Protein chains: 2
Amino acid sequence: MASEDDFLALIDSHFPREHGHVVLGRGDDCAILTMPDALCLSTDLFLEDVHFRRGYFTPAEIGHKALAVNVSDIAAMGGDPLGFSLGLMVPPGLPREFWDALFTGMAAHAAAHGLALTGGDLSRAPLLGFSVTIWGRPFPGRPLLRRGPVQPGDRLVVLGPSGQLGLARQGLRLLEAHDREALADWPACTAAHLMPEPQVAAGRTLAAVQGVHGCMDLSDGLARDLPRLLTFGQAPGLVPGARLELDASMLHPELLAACAAAGLDPVAEAFLGGEDYALLAAVDPAAMPALRHAAAALPAALLDLGEVTAAPGVMLNNTPMTGQGFDHFSKR
Amino acid sequence: MASEDDFLALIDSHFPREHGHVVLGRGDDCAILTMPDALCLSTDLFLEDVHFRRGYFTPAEIGHKALAVNVSDIAAMGGDPLGFSLGLMVPPGLPREFWDALFTGMAAHAAAHGLALTGGDLSRAPLLGFSVTIWGRPFPGRPLLRRGPVQPGDRLVVLGPSGQLGLARQGLRLLEAHDREALADWPACTAAHLMPEPQVAAGRTLAAVQGVHGCMDLSDGLARDLPRLLTFGQAPGLVPGARLELDASMLHPELLAACAAAGLDPVAEAFLGGEDYALLAAVDPAAMPALRHAAAALPAALLDLGEVTAAPGVMLNNTPMTGQGFDHFSKR
């Protein structure tokens, strides 16, 4: 992969150019998109040794996850992801086979969600890295926002794969300790870290229900993301709190086993979490029957974690918590 | 700058949230934009020691250029830049004063073009780097594309600051050799590299003239970008060529002096160029009077370099040329 042209030819072999919302696809100075009314847009970085390691990710898993964490941002708005642009940082020495496998993983995820690759940039760099900007259509008329704002009495729910809370956190810990040998004993934990599935259908379901007062995707874990959801759009001094009940029956059996083997508290680990990529929402209690009914049609579980309280602070199983979750910024 | 929250507060102090095309600004999972009909979108990387050096760029110049090179992509479509998202790679150890100056430079350029910062991502990283995704409104009805396609007989013109060709290339060479001491003797060359000004008004002028068959911004220099313009949208085997006449009278006096001092051929240096950020266009000869008239109102010079030929290959002053310009990808 000596030249930019080699890369562009390989990208062309993996990603089709045509798309219903793309007037002008990649190759020109800009792409031109058409959107009926509004467009949602989000940019995320996905960097080697910050967000992933080449040691235990396959190239296809890197390609998948670089895109999936961005699709999750559209899911959190109840939107339809439609396309993305890609800033690709290319370190020296990776063979064509690596890139072919990486684009295969990325293209499979793009195809699964009907996404067009509309352009981007390539640069040599000291590390493998991705900047994906994803765009899509917000939920018609009423996008799902973080700020409803959340109101005291709201139920706090998580919608996503069953037992998702904390699973990727254990996966990361086990992969860091045992590399890919961890996959044999901990398939669910490691898959949650390596191949997260953004919850697009769950986001649309939440957006369609009247009475969802706020929603975000759990990328940094409940401990860090819940305070954000509670704070967003609130007047200073009037930020509500939350009372959560989380027990082992709500967690994945593999998470319980992994925590038992390591002497960790599974409930605390699920609360800290990180990269859960389930959706966290605050829901008017009157809307819960409609949400349960709608969620029953999804390949996702609805977890009722507790309620928003007028009193500030987060109580987990009657114990006050401080936010100390997953922070991509300050540490791995 | 220990935490993500410190960064976000600093960003909030530099960039306003409100904008006519922004329904939902930064802070949520996505931004939501409204556009009347179509939106143009482009992503570029701007990485330390690939695209810039911290040694001789001030922080404000880094902030300016990270954004300006993206604005140039919208300019090349004849579009109106409206906003951007920012993926920011944060290396260790840079003080708050550095970031404050960097955002000051970026915000000044954003304000000059009326751009909203609509979101993005922060990550620690081993290098200072930027991924900017810029969005805007294409020229109404008829965006300026690379593919007209270009036709034999078209005039090849450059629209941009007077004497721009090759100036940034000399600036880079002089800054690499003498750091900021080069600024005293070579203010125009160094400014062209450090603080490029995207040609938004020139792009709109080109888009408004009937008979412009193709346009792109000169980011990699004539030697590399002209073959791209000639190739784009052409049937294989029918790619046209070009015959250019470039002499010293078309070049900046400071470029002539810098080349004389270094024993370089100024015409060859202008042809190789790189980061010129002027606009290169192929124009129906019948449209040249209208273009000259419209360009006279701009703070930019219109340079008529020659013509598109049916015969393939690029001739410069009657000598055949091969493309060997500036390649961010394979080398600095």
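A Cβ is built for glycine as well, from the same backbone N, Cα and C atoms used for every other residue.
Keep in mind that this is a model prediction, so the values were computed, not measured.
Some features that TrEMBL has for this protein:
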- B:D29, B:D73, B:D217: Mg(2+) 3 binding site (BINDING)
- B:D29, B:S42, B:D73: Mg(2+) 4 binding site (BINDING)
- B:T43, B:D44, B:D121: Mg(2+) 1 binding site (BINDING)
- B:D44, B:D73: Mg(2+) 2 binding site (BINDING)
- B:H51, B:E275, B:F326: substrate binding site (BINDING)
- B:G120, B:D121, B:R146, B:S219: ATP binding site (BINDING)
- B:D220: Mg(2+) 5 binding site (BINDING)
- B:27-136: domain 'PurM-like N-terminal' (DOMAIN)
- B:151-313: domain 'PurM-like C-terminal' (DOMAIN)
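Feature map: TrEMBL annotations on the structure.
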residue: B:S42; record: Mg(2+) 4 binding site; DSSP (3 states): strand
residue: B:D73; record: Mg(2+) 3 binding site; DSSP (3 states): helix
residue: B:G120; record: ATP binding site; DSSP (3 states): strand
residue: B:R146; record: ATP binding site; DSSP (3 states): coil
residue: B:D217; record: Mg(2+) 3 binding site; DSSP (3 states): strand
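Other Cβ atoms within 10 Å of the Cβ of B:D121 (Mg(2+) 1 binding site) number 25 in total over all chains. Nearest by CA distance to B:D73 (Mg(2+) 3 binding site), out of the binding-site residues B:S42, B:H51, B:G120, B:D220, B:E275, is B:S42. Shown for the domain 'PurM-like N-terminal' (B:27-136): DSSP residue counts in helix, strand and coil, namely 34 helix, 45 strand, 31 coil. If you measure from the Cα atom of B:R146 (ATP binding site) to that of B:D44 (Mg(2+) 1 binding site), you get 18 Å.
Listed binding-site residues: B:T43, B:S219, B:D220. Those with a CB under 8 Å from a CB in chain A, in sequence order: B:T43. Looking just at the domain 'PurM-like C-terminal' (B:151-313), the mean pLDDT is 95. Only B:E275, of the binding-site residues B:S42, B:T43, B:D44, B:G120, B:D121, B:E275, have a C-alpha within 10 angstroms of the C-alpha of B:D217 (Mg(2+) 3 binding site). Counting other Cβ atoms within 10 Å of each Cβ, the lowest count among the binding-site residues B:D44, B:D217, B:D220 belongs to B:D220. Spatial neighbours are here defined as Cα atoms within 10 angstroms of one another, and by that definition B:E275 (substrate binding site) has no neighbours among the binding-site residues B:D29, B:S42, B:T43, B:D44, B:G120, B:D121. Counting in whole angstrom, B:D29 (Mg(2+) 3 binding site) lies 19 from B:T43 (Mg(2+) 1 binding site) by their C-alpha atoms. When Cβ neighbours within 10 Å are tallied across all protein chains shown, the highest count among the binding-site residues B:D29, B:D73, B:E275 belongs to B:D73.
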